[in-house]
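Undergrad: In case it's useful when we look at the structure, here is the feature table from Swiss-Prot:
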{"type": "BINDING", "residues": "C28, C208, H233, E237", "note": "Zn(2+) binding site"}
{"type": "MOTIF", "residues": "30-40", "note": "motif ''HIGH' region'"}
{"type": "MOTIF", "residues": "265-269", "note": "motif ''KMSKS' region'"}
{"type": "BINDING", "residues": "K268", "note": "ATP binding site"}
Amino acid sequence: MITLYNTLTRQKEVFKPIEPGKVKMYVCGPTVYNYIHIGNARPAINYDVVRRYFEYQGYNVEYVSNFTDVDDKLIKRSQELNQTVPEIAEKYIAAFHEDVGALNVRKATSNPRVMDHMDDIIQFIKDLVDQGYAYESGGDVYFRTRKFEGYGKLSHQSIDDLKVGARIDAGEHKEDALDFTLWKKAKPGEISWDSPFGEGRPGWHIECSVMAFHELGATIDIHAGGSDLQFPHHENEIAQSEAHNHAPFANYWMHNGFINIDNEKMSKSLGNFILVHDIIKEVDPDVLRFFVISVHYRSPINYNLELVESARSGLERIRNSYQLIEERAQIATNIENQQTYIDQIDAILNRFETVMNDDFNTANAITAWYDLAKLANKYVLENTTSTEVIDKFKAVYQIFSDVLGVPLKSKKADELLDEDVEKLIEERNEARKNKDFARADEIRDMLKSQNIILEDTPQGVRFKRG
């Protein structure tokens, strides 16, 4: 039974899907005007783990995460670089996939883009105007915030609280300072689309409402994103979506905490933004992922090199213990009376599931993984090893690895994968068979340069890493 903290109710709730056995999940993705920073990477990693755990528990997860490919920041960037908005977006969408792929974040079921849904967005806004929830003014379209009775329920603020400090900027034609933009009138030289309200482009909030509706329907199970999106972005999404669809927008809202840099909030003014594109040149991406999930997703994380080094050391400890188990697997035999170890491994697995069932507590899940490694180290020190116990260890290690998304073996950027090595060995065997010894020697030397040693055995050629 999975429980999660619902920002909407401010309490943990038992997860009950709309459709048995299925999870419909929408995660707010990046505005693709630059490489992502470590703060953008956190939700990608955290909600990837959530998805993986649901799948481990047998759910079919439809995981949708959008790209905002038209926005003020993109327009400004395109003007700075003298490139079109689509060109900028394409570049950084590709960079996003590369960066999060390095962090072992699995591809979403769907990555909708704003530009691909422009007709849907325009129709959605038109529907809101027709229903009286929105109005056109001076070429812009605004949402009537006060007309939606539930406004403020996610951020737990009242309309009266919000009214304090609300203002109408120069050039805006709002009925009320609390109203927010659905459609922006085109400015000279900016990318725009034709609509019943005139040339323009959508506001940020309406985009996610429409893409979520198009991809997942009127009501979704889980909507997730960073804490900074709770207000006004997610609050406005609820207002638009529920006014339009006459149904709850999302049953559960999840928000991850911030990442601070050396105990200071990331900000452009401080110049302490750290791009994932740059970090992974210096820090193993597996270590970075392990570092992020070593803290509960709702808690803030402090990023500094000392803490990253601690994560590297912890992951190395886990991997070293797994390597010992793999080595013992070569000499393991069928030994009876090993139930004590089987029971201890099962107890650790049960604890892992218990803490993951409790709002996806990856910090405590990693503690369980450390305990598994400690037990494994103790076991391999014994003179005899049981095939049953070794297989049990390996199976549970693999479960932890799959759920948390942290590989059990390090993959250096220039390191060949095992399947690649096997293919090269097959090619070398074929070359030798055809008496193409030059090619056979070339392959052997290439593998040797990667510290891969070939060994001839009665069962054929095998390899080991030096």
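Glycine is treated like the rest: Cβ placed from N, Cα and C.
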Undergrad: Give me the non-local Cβ neighbours of C28 (Zn(2+) binding site): same chain, 6+ apart in sequence, Cβ-Cβ under 8 Å, ordered along the sequence.
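TA: Set apart from C28 (Zn(2+) binding site) by at least 6 residues yet with Cβ under 8 Å, we have P43, S65, N66, C208, A224, G225, G226, L229, H233, H234.
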Undergrad: With DSSP, how much of the motif ''HIGH' region' (30-40) is helix, how much strand and how much coil, in residues?
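TA: Across the motif ''HIGH' region' (30-40), DSSP assigns the residues as follows: 3 helix, 2 strand, 6 coil.
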Undergrad: Provide the number of Cβ atoms within 10 Å of the Cβ of H233 (Zn(2+) binding site), excluding the reference atom itself.
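TA: Step by step: centre on the Cβ of H233 (Zn(2+) binding site), count other Cβ atoms within 10 Å, giving 17.
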Undergrad: What is the number of other Cβ atoms found within 10 Å of the Cβ of E237 (Zn(2+) binding site)?
TA: 26
